[in-house]
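According to TrEMBL:
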DOMAIN    546-710  domain 'STAS'
TRANSMEM  53-74  transmembrane segment
TRANSMEM  86-106  transmembrane segment
TRANSMEM  113-134  transmembrane segment
TRANSMEM  269-293  transmembrane segment
TRANSMEM  314-335  transmembrane segment
TRANSMEM  355-375  transmembrane segment
TRANSMEM  395-414  transmembrane segment
TRANSMEM  434-465  transmembrane segment
TRANSMEM  485-503  transmembrane segment
Amino acid sequence: MLSSASSNIQLNRDRGPSTSYMNQEQFDRIFQFQPSPPRFRPMKFVKNRLKQCASFEAICKFFVSFFPILSWLPSYDYKTSLIGDVMAGLTVGVVHVPQGIAYAILTGVDPVYGLYTAFFGVILYMIFGTSHYVSVGSFAIISLMTGVSCREIADSIEKTYLEAEVMLLDEANHQHVSIDFTNLTAIPKVIVSHEELVQLVTLTSGMIQIVMALFHVEFLASYLSDQLVSGFCTGAAVHVVVVQLNKLVQVNVKKYSGLGYLIRHVMTFAENIATTNETALIISICSFVFLYIGKDIIGARLRKKLPAPIPFELLLVITATAVSAIWSFATTADITVVKEVPVGLPVARLPRLDVLSYTIGPAFEIAFVVVALHLSMCKVFNRKFSSKTDNNQELYALGLVSTLSSFFNAYPISSSLGRSMLNVECGARTQLSAFFTAALLLVVILFLGPLLSALPMCVLAVIIIYSMKGVFQKMPAELMHLWRIAKLDFLIWIVTFGATVVLDVMKGLAVAVVFALLTTVFRIQWPRWHMLSQLAGTEEYRDSGRYGRTTDIEGIRIFRFDAPLLFTNVEHFANSVERAISKSAETLPGMATLHNFALAPAPKQAAKVGNKGFVARIFASGKEGYENTDKKRVAGVEYLIIDCSGFTFIDYTSVSALTDVYNRLRARGLNVYFAEAKAPVRDMLESCGFFVSVYKINFYPTIHDAVLAACANRRNNTLSAAIDSPRTEQHFFLEDGLSPQTPTTAPLTHHLSSIAGSTNFGDPEAIAAGSHRQLGVAASTSTIWGTREHFDVNDEV
């Protein structure tokens, strides 16, 4: 009978408010509420993993999934994609050459290492990556982080050795033993080159990314919000520019590391500014002018007319190298040049694993930033082209690229927005464009490398600094936008930028992440709360003050807390409930009575209460004020309905606090109802024994059910009087539009004697057959206005 009765239940969207209700228990019985399935089933997890090894075909599919190239290359459309991939690949390859040799300077290694990094990064990502459009390779910020971290690791190794020496001396002093400092073999000193540290950091960061992929923790990248990443990149760009200033004018500055190293770098540069090489200064100025005229003037005008942008960075490298070689700047003007560039691919070599423990921390930070930047880039192009990438496979791809390329003198890589946009503009369709990029880089490595030996280093510094121009150009507009729409996100940007610039690239990122997480904690700890009012003529309840055509019910207040209920905010929740109840005393004079709550027009502005003078009100005793407030609370509010829809989850402490709030309000004579509690929240309440103190009959599936229940329990049969009262207000719905200029009178000719008389709350079948609530409206009932869209109870709720 339950199923047959429930099949008659229909929902109609245009009807007005219904006049019967059911509590949460009755609602769950009618719609066959099921217990929550376990979120993690170990046996099911094991079975799914065993299925992957159940057959040879399954094993092959499992391993093939690590090589996306095997899925898209056999179905490659040569007719529509080949030309675009060739053009894009060659154009991006041309950009890789100057960027690679320039960003290698930031890392602190020879320029040719940048070519190795670009070649192996591009070819390996083509095999393991899933994005059609991103271009991986050298990236200025990652290169800077790698160089800074390797210098800090070297300082840490040296510090460890010195501490061991001090301990040895102290021990020898206590034992009165003499030590020969010229032949000190008791403490072996670890000697490791900067290149070896870069190789080890690259390997370690790649292994960390593979581990992240194994545990599916790509969600960690979400802790770096867009504002945090933008502020960090801008702060890191300041580091990139400042550490290249001395190279523009060829002033020798000691390389610093640690907190505040940038300030010490600037001070040392200012002290040695008198040693500026005038020829290097002139070359740098001419290089800046060349790039500005070429990229910002000529390139901007010819962008739409040419199939691919002109590579002005490469033209600058060729021109500067030729001029330097012709006039022998290295000898005649004492200009620092690239010098010898080896020909051919490097021989694979194993890293120095004996200092692996020193690199784990810095490598984790680098791996973390690389993943965040890369996944953000993939997300940008997925939105733009409606494409899809496998984020977990992207972690595997980044890890495998870094791990494998580390054996060939490469440093950590990431995707670059500039190269990726260029790749798209030139017509790239698939990852095959990377093949042509790698082919061009291979030609440069095998044959053209020695031609770069006369390239002035100040030109590379110009290329690096000019590449940061876009980061600083967007900063003012971005800050103004954040200030207008989100002050807290603006503060995250400022703190991230300041910490990155003042402290250090690595330490600044850590401070930024902690601060961003704290802002999330603060938002949850002090969330907003609202009092709700009924939209006139509907069963909807919205924030009071946001809508003008609303109805409040005398003696009933509806409270919503917009946050999860946790131990951090339960005190704020309890105080908010008290404030909501006390606030009701000020608004009660303008409320509708129970007699016409469903039909009344929007309440008028509440009249001013009290006739005391201004001075008298100020000097009124606090005790008197509190006593009056308590009286208003008890006399003015009989029912408090807590809208639980904002409770996405709760913890054990909040369950206890919720019980205390309920008991305190009940002791003061207030009835407390709970509405729209989510199933996981009710499960938590059940497991914590909440329903031992608070009966389940106080829970309702909707706010309207709770309001009708409160009205039904009011004294003197006020609900019956409310239904019998004539309507003098036109009721409107969204599709009808607002027409307050044409009021009508529509008396209600039919009424229900009472809710208890129309519905048997003890019998779910009777509820399903005869209920007039929003999920069970009898077609013959004339107390409910309009029409509703039909709804089958067998559908998923």
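Note that Cβ sites are derived from N, Cα and C of the backbone, with glycine treated the same way.
Those TrEMBL annotations? Automatic predictions, nothing curated.
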Segment proximity, the transmembrane segment (113-134) to the transmembrane segment (434-465), 3 or more C-beta pairs under 8 Å: yes
Cβ-based contact of the transmembrane segment (314-335) with the transmembrane segment (86-106), 3 or more pairs under 8 Å: yes
For the transmembrane segment (355-375), distant same-chain residues with Cβ under 8 A (at least six beyond the ends): 134, 136, 139, 141-142, 145-146, 149-150, 152-153, 156-157, 190, 192, 197, 200-201, 204-206, 208-209, 212, 218, 220-221, 224, 229, 232, 391, 394-395, 398, 402, 412-415, 506, 509-510
Winner by Cβ pairs under 8 Å against the transmembrane segment (53-74), considering only 86-106, 113-134, 269-293, 395-414: 113-134
Among 86-106, 269-293, 395-414, stretch most in contact with the transmembrane segment (113-134) (C-beta, under 8 angstroms): 395-414
Beyond the flanks of the transmembrane segment (395-414) by 6 or more, those residues with Cβ under 8 Å of it: 66, 104, 107, 109, 113, 116-117, 120-121, 124-125, 128-130, 136-139, 141-143, 145-146, 195, 198-203, 205-213, 218, 345-346, 348-351, 366-367, 369-371, 373-374
